[in-house]
Amino acid sequence: MASTEEDFPRGGKTKQTTESKAEPVRRHTEVDNLFESLKVGTLLLGCVKEVADLEVTINLPSGLLGYLNISNISDSYTKILSDHLDSASSEVTHFMPLKEIFSLASLFSPGMLVRCVVARLDTAKGGSVSIQLSINPKEVNKGLSTGSLKAGLILSGCVESIEDHGYLVDLGIKGTKAFLPKQAAKDKTNKLKVGQYVTSLLEEVKNDERVVRLSISPTAVAQAVADTAHGWTLTSLLPGLLVKAQIKKVTLHGLILEFLSSFTGLVDFMHLEPEQASTFNEGDNVKACVLYVEPSTRLVGLSLRSHLLQPGGDVDLVATERIGEVAHGCKMTALHHLSGAMLELPDQTVVFVHRNHMKEPMEAFNLNRVMAKPEHTCRIMDFSPMEQVHLVSLRTFQPWNSAFLVACVLTQFVLPLSQGTVTSLQNHGMMVKVTDYIRGLVPRTHLSDIILKNPEKQYAVGMIIKCRVLSVDPRAKKLTLTRKRALIDSSLPPFLTYEDARRGHVSHGFIVCVKDFGCIVCFYGKVKGLVPPNELSTEPVIVPENVFYVGQVVKAKVLNCDVKKEKLLLSFKAVAGGDTEGPPKPKFDFEVGKKVEVKVVSKFLTGLEVSILPEETTALLPMMHLSDHVSNCLLLWEGLQEGDIISNIVLPLSLNPACLKTLTKKPTLKSFLEEGGVVAKEFSDISVGVQLIGWVNNIMPYGVFVEFPYGLVGLAPKAAMSDKFVGDTAAHFQLGHTVVAKVTNLDEEKHRFLVSLKVSEVPSPERDGQARLIRGLQERKAVMEMMASRGDSDLLKQLSAVTIGQRMKMSVDEVREDGSVTFKSDELSAATVLVEAGSTHTATVHHADRDFAVISLGDTAQLTVIQTTNHLNETFRFDAEKLTAGKTLTITVTKSSCEELEGLPLVSWELAPPISKRLISNSKRSKGMYRYGDVVKGKVKTVKPTCVLVTLEDGSTGCVHVSEIQEVVCVGTFPTSLLKIGSEVTARVIGGREGNSHRFLPFSHPNFTYSMPELSLLPRNLKEDADVKPVKTKEKLKRYQVGDDVICFVSKVSLNKRKLKLSNLLYRMCETCLVVILGAKHPEKLFKLGQAVSAKVVTVSSSKPSRLSLSLNGVHKLEKGHVIMGLVQKLDPNLGLLVKLPFSAMGTVAMEDLADKYKPKPLERYSKDQLVRCCIVGEAKSNWQLSLRSSRTNPEKASVVKDPEIVSLDDLSEGQIVRGYVRTVNGTAENVSKKKTKKGKGEDSDSGVEVYFREEEEENKCEPAEVEKPVPVQPARLQVTGGFSWDAALSALKPASAALGGEDSSDGEDGEVNTKKKSHHVQEIEKREAEKALTKLETELMDPGLRPQTAASFERLLLGSPDSSLLWLQFMAFHLQATQIEQARAVAERALKTISFREEQEKLNVWVALLNLENLYGTEESLQKVFERAVQYCEPMPVYQQLADIYAKCQKTKEAEGLYKTMVKRFRQEKAVWLSYGTFLLQQGQSDAASALLQRAIKSLPNKDNVDLIAKFAQLEFRYGDVERGKAMLDRILTSYPKRTDLWSVFIDLMVKHGSQKEVRAVFDRVIHLSVAVKRIKFFFKRYLEYEKKSGTPESIQAVKDKALEYVESKGTEAAR
């Protein structure tokens, strides 16, 4: 038997074991020693004792303890753990581990019987052995094989997976699957989880032992008995089996049994029923349970105890009330010299004592000494559930285990001196060995009554110390001790629980936290309470941190205790005063603004603690309230000492007796109150526009809070803090800064108001700045006197003796490199006077600090002092505005000699206007501040096509324009390519510009820019005599005249506008000009960025934006006969083309001027924004008349002109055939732009033809002709006669053809006679019908949206758009409407051959249409052939997806599901495939299949996609599946990723649509408490309010507003802290 000791609380891996295990005992014939030797591989029956997070403690036979690690349960559970760890190491957590991982506490319960095997034996510190167990079925059932499985066997296994109709159980037998139906497991359906251990009955074996069916019915399992027919062997025998055995031999220490015809087993005395132990005889038949099996030694242990004869059941664990109990008068009833002895307690309880516990630890075992004692005194140590007996020890001192610790350690707070031994010193504390198996920790703060900086000097390893127990955590196995003498020697009753802390009781505790709101005091265990500030001491405590410290032992009295809420209110003051009521507080009779005298009591970091005289009332004087000047506050604080008396102190805050009085010594505030200024005593006294004096109370990112007398506080938002841009509020003001504020806004409801601190809105009183200057200098003088009076430094004494205006003899000590000089004086042997060098002007600054500056007046060398600011609120200045050494000021002398300044002049000042002058390159200046003419050096940082960025010596960046690199630039070159990155250059500053930066956010820095110097590398500008002056843009533009040639550089190419953006040679980066490209269809190929080009000035625009319009082809104005390029703006069927020309001009092209050869549809060749080459042929008002004829645009190319131009009647000859376009049609004649007919001599009828010509006043040679007035846009028309009828109707074309074919006048006369046969009414009707038909035909042809009605119409459209899948699909539909299936297939095949291979989407559309066609009208074979072809010629995944959609729409569920399964195997990395499959399953109502699919998708897809995938599946659940499941999925995701506000927004939308009002409000309440950015919370608050306005009540709307207000106030409080 082994002892049950274990290490506690942090003793490494040392575990409970027996001493006999270290030295195996020899084997005996009699059954006495229960485990002679324990080996790896031994099978045991165990009982679960404790379950931890990562380990299970198991009681084994003979009182041994084993430990089951979480990785030794089953392979399936270990795999889930591995997946969980892999996902936890990445950024995204798998959804599956979160759902399927169960804690060990849910898989195992105390008292549960399990079959286990010894996995390994670890040796821990001290030589003890730790037994590591495993219940993995692969190791437990190692001796079983597929052939040995038979119905009736009792096997153990672990649940591998949960299926729809049952569970797969892992039996550890290769090649065999075990299935447990849900019907057979109905008693434990809700309990079975993946990894859970089950003991089951094998009911049926199927498929050659490959599949077995199990049952876990308790009745069936309990009645199953192992039989010889099952084929058990020694290697396959398992613990926990019930066997029928026969007693072979009865010994003194147990029984020897024979079972299963050939096996021999041992039953030790511990596993015999006590009342039946003497009734067994040889030959008796008994029912036994296999307890353990050792295959190597062929040793089998059995048990006859009734509680073990029910395999799969649970064992009762006896409560631990008796553990630790000491029993006297115990009698020994049986002695087993190799194991131990049985004792009987006075209450007739039988217990067992191990052989090792029958002696002291260091003594040898003496059997005679034990037998000689008639009675024994023992202590109950533990309870063994396997034997159902208590374990005791006869040792004088018992090593404690965890159970004993719970029972005993809380009752014995002071440990015996001999038990506390220091084992190690660590950073967090000291480890103390209480017993051989228990170690405790003394935290660093509990090593002594005070905090030890070097504990190693007081403690050493091995030292015996006295400790007291602070707390015990048996579950975590932690013991916390203290070495504080005040706690160890305390005679007061300890507070072990909150019930002990009754009102009025006093006890010792220790401080664990010190805050502004008080101290938190901890007692024993988890008892702790709060001491509020007013109960800390009988004297007011300003800063608790200065009085109390963490770890301090204090005596506290209970004021109130709430046991249920575990809240404890304590008091230090009540203990000191003997009562909870403090001394009577003095009555304050001071008024706000009243002057008082105070005495400095103590100094702390942020102020002074003072006592108001004569009442000796404690008050606070903050450091920032010592002066209006920030720099003087620290000096005064340093100069004041404890005991000093300060007068002229004012009490500005409200006189609330509960508050500590805060005083001020600010002169401005005092004078304001004395002079009767406007003071608001309460909120009702404040009005908009009133001006108040206050001080900065708190600085927040969004503004500053200003406090005023009587405790009123207003907010100055960031926009109202200064006239300048406020980026950082902390850079403008400091806490305690005196300001003048103007009230701008009032909130009557919430008693809040806004103020403005802008200097422009708050005027300063006259002479205020001079008065503050005098007061500030007087304060500094007082500080000097105080420091000189009590300081021992000779320097202070000498400096205090110097007065302003005193003459001193000085000698030059050192001349420094920066031009400054140091002087020394015999009168100031310890001091050095520094005079900054600077040029002499009206006034020059020599020295400046935060509040004051020393200046010299002109050439007089007269020095005086000024303030650096002229207004209280003027705290922020740009670098250029700051007073620095050498700065020039314009001053006005107010007093030539001021007594307060000891005779120095009193002046007012303002910044002098900047003087433009050249500074040397190495002069001191701020970073990036340069002036015209400075020569600088730097390194090339970036080379761009149009500029080069240079990093200068001071770290700033300069820019060199492409035009400032070379003196002579050749056209077509790239000057910036001459410079390389990293090369050093010398340049001269020739200008500056503002650049945009993305260093700040747009809402905090709108339109933020920074200055960048413009540099030049031209040799002529680097000469010393070079004069670089800034030139305005208008002056530069005057240098250019229209027609001038200039060199420019390409900076931008605009393809849609056919323009280039160029930088002129003499312009900077910000001055550009526009150029129209006149002769290039692809300008991006002709011109590259940074390329030098030659251009001609077209126009000069001085108005904004200032720019030049240039031309690259030499044309700078439009004239008749010029050939230019233009953009088509409009196509007019009647007029022709409207063309946009260069220089903002417009032109028109008549129909007859489009080409030298007329075509039926002349406008088809042209489209809007098309670039055309045209020739100017004339001008009509504001538009030019153009021609696109090749004979005009390219006259050098000889070409045949089939239809020559007809400019006048001279170009026409009798008998000439001409062609033209129909212009208009009326009842008497047709207007034709040029006719195609043969003129006859006798054709003198009234019918006329209107012909366009370009001469407005041309003499008509044909008398019947009529000249019309010219139209503004159209050419003039000429009326001529014709001897034939030209009808527009299609039916009337035959007579016209006949007229053309006949040459005899008789034929023409016959035609006329035939025409006259029809009446005028009939002809009119025919013309109207023909005109209607023609109009309809033209409308159909012109309307692109009208669907064609004939195959010929489709063919005509396809000629124009062969790559349009829409036309091809419409053509297929046209055939399908006529049930022409084969023709539709042929059209699809034509489309696949015709459409360009680059148009992948268009081809995919045709393939999808063909798949639909085959699905509807073809066979399954033809559909598969088309599908296989489509997969070859297109991207496979879209084709698969389209076919799956086709199947789903046609309700071909089986085919669709098969295709989806193929898709998720082939495209497992595509998230869209999993989503599509999930949508299909949910639409079919297969929710469980969709859930399983999600698990597969999570395994297949990358971890980064898992969260979005789960969210998509959750949305699908809302739409098609179970809404509750969707809620649960989204809720789990958001619990793990609470900052995914996009998923929160989706969740809210879904809940608003599918959830109840209560659920929606719950979601909103969760999201508004997230720890995310304020702007996101603002968005959700807005949505919450909109929802309540739409669906809520006025009360709910107000509740949302209150929550928003509470959120804003909490954020403000957090920021203030």
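Including glycine, each Cβ sits where the backbone N, Cα and C put it.
Look at TrEMBL and you will find 16-26 tagged as compositional bias 'Basic and acidic residues'.
Residues of the domain 'S1 motif' (41-136) grouped by DSSP class, helix first, strand second and coil last, total 34 helix, 37 strand, 25 coil. Residues or ranges marked as domain 'S1 motif' in TrEMBL: 41-136 (among others).
Taken from TrEMBL, the feature domain 'S1 motif' applies to 152-217 (among others).
Residues or ranges marked as domain 'S1 motif' by TrEMBL: 240-305 (among others). When the domain 'S1 motif' (240-305) is classified with DSSP, helix, strand and coil residues number 6 helix, 37 strand, 23 coil.
TrEMBL lists 415-484 (among others) with the feature domain 'S1 motif'.
Taken from TrEMBL, the feature domain 'S1 motif' covers 504-573 (among others). In this model, the domain 'S1 motif' (504-573) carries an average pLDDT of 89.
Annotated domain 'S1 motif' per TrEMBL: 689-758 (among others), in sequence order. Across the domain 'S1 motif' (689-758), the DSSP tally of helix, strand and coil residues reads 9 helix, 35 strand, 26 coil.
DSSP labels the residues of the domain 'S1 motif' (933-1004) in these numbers: 7 helix, 33 strand, 32 coil. Positions annotated as domain 'S1 motif' by TrEMBL: 933-1004 (among others).
Per TrEMBL, domain 'S1 motif' is recorded for 1121-1189 (among others).
Taken from TrEMBL, the feature region 'Disordered' applies to 1-26 (among others).
Sequence annotations record features per position, and here TrEMBL assigns region 'Disordered' to 1231-1250 (among others).
TrEMBL lists 1255-1274 (among others) with the feature region 'Disordered'.
Per TrEMBL, region 'Disordered' is recorded for 1298-1326 (among others).
The annotation repeat 'TPR' is assigned in TrEMBL to 1471-1504.
With helix defined as DSSP H, G or I and strand as E or B, the domain 'S1 motif' (415-484) counts 9 helix, 29 strand, 32 coil.
DSSP assignment over the repeat 'TPR' (1471-1504) gives 29 helix, 0 strand, 5 coil. If you look at the repeat 'TPR' (1471-1504), the same-chain residues 6 or more away from its ends with a CB under 8 A from one of its CBs are 83, 87, 90-92, 94-96, 164, 1437, 1440-1441, 1444, 1448, 1453, 1456-1457, 1460, 1463-1464, 1510, 1512-1513, 1516-1517, 1519-1522, 1525.
Most Cβ pairs under 8 Å with the domain 'S1 motif' (41-136) belong to 152-217, among the candidate stretches 152-217, 415-484, 689-758. The domain 'S1 motif' (415-484) and the domain 'S1 motif' (504-573) are in contact, since at least 3 Cβ pairs between them lie under 8 Å (pairs 6 or more apart in sequence). DSSP assignment over the domain 'S1 motif' (1121-1189) gives 7 helix, 36 strand, 26 coil.
Helix, strand and coil counts under DSSP for the domain 'S1 motif' (504-573) come to 7 helix, 34 strand, 29 coil.
Helix first, then strand, then coil: DSSP counts for the domain 'S1 motif' (152-217) stand at 3 helix, 34 strand, 29 coil.
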